[in-house]
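J.: My questions all concern the structure below.
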């Protein structure tokens, strides 16, 4: 049920007789001859609603009560269906392991983490569908991606083969300059006895180097092993210069809808802006832009 903008304070608009008895002029009060009635002598109907203005906090109030993130990173996760992409994200964001498999079309998760010097980093994690029928919709997720995680399951050699045949060509086509890391999921399967059916770590490592991935990490969402390492590696690769650089005072332009930017970072020809720290400038240049 939608919240009403106006709250009812008194009166009864559902009972017509009640309204008439309280506010309608009786026959004894009517003038005996037709004429113009004096407005100030007319009785008034009771007001059934009284307006109540909602309290909307100003930007300055929100800034005082909630610290705005210093950085915003968008990470897009791709790979074959059922390799464990959703479990990876839920395990990282919520700390739980989902037991039921529900195919994902598109799903977004947002979480804030704290950097080594107290910086607030907002992560926007985009889960995508690996099924072929969604191949035309999937590129919509790549816009403004800062990191691409191409995933495979250690229990499926086919999913690793598709990394080379399908996923790297696709993300390289749409995001040629965006950093890509290779992530192996379900590493807890190595505890089983049928190791011959599993992906050999050395094969995945050599593939990552050959394809130009900046990192290759295997993890287990069920056991929560190496989950944090996956995302910390992505963050440090992008923001290592920014997170550990000393903060220098700068003259900033206040904008309530965007992160503060320095005047020297505004391109007069295009109006584009970038934050003043060198690491984030590099991040903007490598951001995926879908034309």
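Including glycine, each Cβ sits where the backbone N, Cα and C put it.
Straight from Swiss-Prot, here's the annotation block:
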| type | residues | note |
| --- | --- | --- |
| REGION | 14-45 | region 'Disordered' |
| COMPBIAS | 14-31 | compositional bias 'Polar residues' |
| MOTIF | 101-109 | motif 'Effector region' |
| REGION | 250-273 | region 'Disordered' |
| MOD_RES | 264 | phosphoserine |
| MOD_RES | 268 | phosphoserine |
| MOD_RES | 276 | phosphoserine |
| MOD_RES | 288 | cysteine methyl ester |
| LIPID | 288 | S-farnesyl cysteine |
J.: Including all protein chains displayed, how many Cβ atoms other than that of the residue listed as 'cysteine methyl ester' lie within 10 Å of its Cβ?
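T.: There are 22 such Cβ atoms around the residue listed as 'cysteine methyl ester'.
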J.: So what's the average pLDDT for the motif 'Effector region' (101-109)?
T.: 75
